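A.B. asks: Pasting the relevant annotations from TrEMBL:
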DOMAIN    2-102  domain 'Cation/H+ exchanger transmembrane'
TRANSMEM  20-43  transmembrane segment
TRANSMEM  86-104  transmembrane segment
């Protein structure tokens, strides 16, 4: 599975970037905020502690890597244009980058940026 996603990522042609790529980055940032808010609200209703609610919402805010799989399959079946597939891929990658940065900057993880947050 990892090789599949790596192969898809290796096929992203940045030279094809256009306004849709910029919109993909913007949508990725918006998705992070919307998903964070949605999860935070749901976890508040579930009466989770604020610290747990904040961390879980941040960790769950990235898009699914399976969007690559769906976009790739749709493109192969000629149901999706190459530009639309690039838009989906850039949106998803943007959520990966922003979410990962957020998590390693603020929460305990083996690769945390802050020494006091590093833990296995």
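Cβ coordinates come from backbone N, Cα and C, glycine included.
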A.B. asks: Under 8 Å between C-beta atoms and at least six residues away from its ends: which parts of the chain pack against the transmembrane segment (86-104)?
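C.D. replies: Tertiary neighbours of the transmembrane segment (86-104) are 8-9, 12-13, 16-17, 20-21, 23-25, 27-29, 31-32, 58-59, 61-65, 67-68, 70-71, 80, 111-113.
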A.B. asks: Tally the residues of the domain 'Cation/H+ exchanger transmembrane' (2-102) by DSSP class, grouping H, G and I as helix, E and B as strand, and everything else as coil.
C.D. replies: 81 helix, 0 strand, 20 coil
